[in-house]
């Protein structure tokens, strides 16, 4: 079975909870002695504020392509058997899972390291955006992984652009990542997650970035 056939990547529409057992079953194999998982859930607080829920938006086609590229990069670094990744869109209430990753391997070190790499790259570079809704307001939030990459990028090349569209203010910075930075663009730009021959890229490449604010 080809490596890509051992990947299960899903962006779930609103009101479709993540079925954790489905993804664990997918990666389970008699060849593997380890399954590493990560589940991101909505917590009820942030910086002293009460959180009611999270809301997610995404360019689903581009997001899937980017996660496929991240999976390819993980396979090039670690000896993993199967990978499953799922992310919810829409409203995710407190206590419910918004993102889930499961990876199987013969030995635990590969699965654990690849699982951390996958979720960090998803948070840093995949075009999925989060709004936190509080009792006294709401705000689009940048993931810490994205902000760290943003700071690193400032040391490389000073190219800043501002993009405005309704509620969004976007600053684009040139830098490199597994799928690059997150930017809200039209669907044709999803092709940037492919190389010139149309195959999935396995190495970091220049990318797109999005910082969301009210």
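Note that Cβ sites are derived from N, Cα and C of the backbone, with glycine treated the same way.
Predicted automatically and left uncurated, TrEMBL annotations should be read as such.
For residue 130 (substrate binding site), the number of other Cβ atoms no farther than 10 Å from its own Cβ, over all displayed protein chains, is 20. Positions annotated as substrate binding site by TrEMBL: 107, 108, 123, 130, 131, 132.
Per TrEMBL, region 'Disordered' is recorded for 189-214.
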Enter the number of other CB atoms within 10 angstroms of the CB of residue 107 (substrate binding site).
12
Fewest other Cβ within 10 angstroms of its own Cβ, chosen from the binding-site residues 123, 131:
131
Largest CA-to-CA spread of substrate binders 107, 108, 123, 130, 131, 132, angstrom:
37
Give the residue from the binding-site residues 108, 132 that has the most other Cβ atoms within 10 Å of its Cβ, counting over every protein chain displayed.
132
